[in-house]
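Database features (Swiss-Prot):
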type	residues	note
DOMAIN	14-112	domain 'Rieske'
BINDING	Cys54, His56, Cys75, His78	[2Fe-2S] cluster binding site
Amino acid sequence: MGSIEQTTEILLCLSPVEVASLKEGINFFRNKSTGKDYILYKNKSRLRACKNMCKHQGGLFIKDIEDLAGRSVRCTKHNWKLDVSTMKYINPPESFCQDELVVEMDENNRLLLLELNPPNPWDLQPRSPEELAFGEVQITYLTHACMDLKLGDKRMVFDPWLIGPAFARGWWLLHEPPSDWLERLCQADLIYISHLHSDHLSYPTLKKLAGRRPDIPIYVGNTERPVFWNLNQSGVQLTNINVVPFGIWQQVDKNLRFMILMDGVHPEMDTCIIVEYKGHKILNTVDCTRPNGGRLPMKVALMMSDFAGGASGFPMTFSGGKFTEEWKAQFIKTERKKLLNYKARLVKNLQPRIYCPFAGYFVESHPSDKYIKETNTKNDPNELNNLIKKNSDVITWTPRPGATLDLGRMLKDPTDSKGIIEPPEGTKIYKDSWDFEPYLEILNAAVGDEIFLHSSWIKEYFTWAGFKDYNLVVRMIETDEDFNPFPGGYDYLVDFLDLSFPKERPQREHPYEEIHSRVDVIRHVVKNGLLWDELYIGFQTRLQRDPDIYHHLFWNHFQIKLPLTPPNWKSFLMCCEQNGPGILQECKTT
């Protein structure tokens, strides 16, 4: 259709000297090579930025001398005023929000202002909304982040996780999916999978689907780490996976198209989607923290997003220092409230006709995770919806498994009793039992694997992982289910500065972390070359760190940047066999 894939554009680059010279409050800059103007607002360590261009008629902003707080700028054309600390126009009030630019520091301590180009790709080839017949567009909630969309004579499914756990054994479904879920998947014309996390890319679910429809079209974004990077290892036979570029309409038929967008301005892992049918847009931001670099379409017909929080091991799995139970409880309460308010503000700003909170309906149901379940409180979708309704006219929908929203009816008359059809009375909503054993058996199979008879697996694995030249020492301790040392398990140090494995901590000054991991999960992860989200997001570790610093480079590497193929354990074992038996045998494959 003549569209061009979105790219990340550097609008302005400030040197370390210029960064050090930034003053508190408003800073004006011009890119001398392009002649474009920008505003940077500094509040202690926080930076916000935007183009120096009024949204009204493109006028230039200057300092507002009437603003003693030093937060607002004034347009030279019509005296419109923008509060740069909030990116909201204050004169006239409640008029616009200024589009914000992404601020990043690069490896050379330069400050970059970034934007996706084109920034609003959905505006290309625009379509005017047509009237929808009743029943023409129906959205049925299945469970967690899985929606079944009927769009005319086509069916589309989002993120099918319908059976089994996610993140090793840490997450289980809160809601009981409709009994016909597999039939619904098989009848779909296409499936969208937002990202590689196992509560969205569920291989147990896809294995069931592949047994009946291995050629079902599945669409994913062109992320740096492929969504299906582990397909061959999974053993699931899917033959029609389509990787599509970001920001380009994908035409399904004359009435239906969709566009996949990245999270932030770098296509690392997460994506979101706009589905458009007869000009009516459905926006699903899934788990994105800054979808499309913060630019999203306004006044869509239906918006859905995550809401719950709790999708991280922090702070529940941490101990020592400040991590008392009281501190954790207060932190969790504060963070959940911040997330709730952020989602409510986002919905208020975007003004969709209808909003649906989803993608947060999981529970830590295995008995061994009782502490996590009790500590890791989630947001209540009804509380969010009530907050939204207080501040806007947006219609809200808290979905239950099998409930169906008729978009045509709801857009015409939100009070129509047939606009949302709830599941039949007596339908089971919440799961009360989970089939743990088959999935735990898969994990337990790794514990006795021959690989772990040779202590040299440690060097082999971390060499394969490829993370080094970073001043961090980590102690890895294998544990039982209750995080007590596993009898006969490994307890070792890794020094990532030179990728060595010392018997004692080095004498130099160094940050230090202790990671206690359930033996079945860590060995399953090591054996199969899986990402450490299985451990961290799955609550399969207990951590201590000194000092209390988050080592982004370390965790980002093990959560997203590990090699795409697992370690060559076959070659490793052959080497060990050739060099003779012995649990302490040192081996290195070539």
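Just so you know, glycine gets a Cβ as well, placed from its N, Cα and C.
In this view, Cys75 ([2Fe-2S] cluster binding site) is surrounded by 23 other Cβ atoms within 10 Å of its Cβ, with every protein chain counted. Sequence-distant contacts of His78 ([2Fe-2S] cluster binding site), defined as residues of its own chain at least six apart whose C-beta falls under 8 angstroms from its C-beta, comprise Cys54, His56, Gln57, Gly59.
Across the domain 'Rieske' (14-112), DSSP assigns 5 helix, 49 strand, 45 coil.
The [2Fe-2S] cluster site, placed at the center of the C-beta atoms of Cys54, His56, Cys75, His78, has further neighbours from the same chain whose C-beta lies within 8 angstroms: Lys55, Gln57, Gly58, Gly59, Thr76, Lys77, Asn79, Trp80. Most Cβ neighbours within 10 Å, among the binding-site residues Cys54, His56: Cys54 holds that distinction in the structure as shown. Across the domain 'Rieske' (14-112), mean pLDDT in this model comes to 94.
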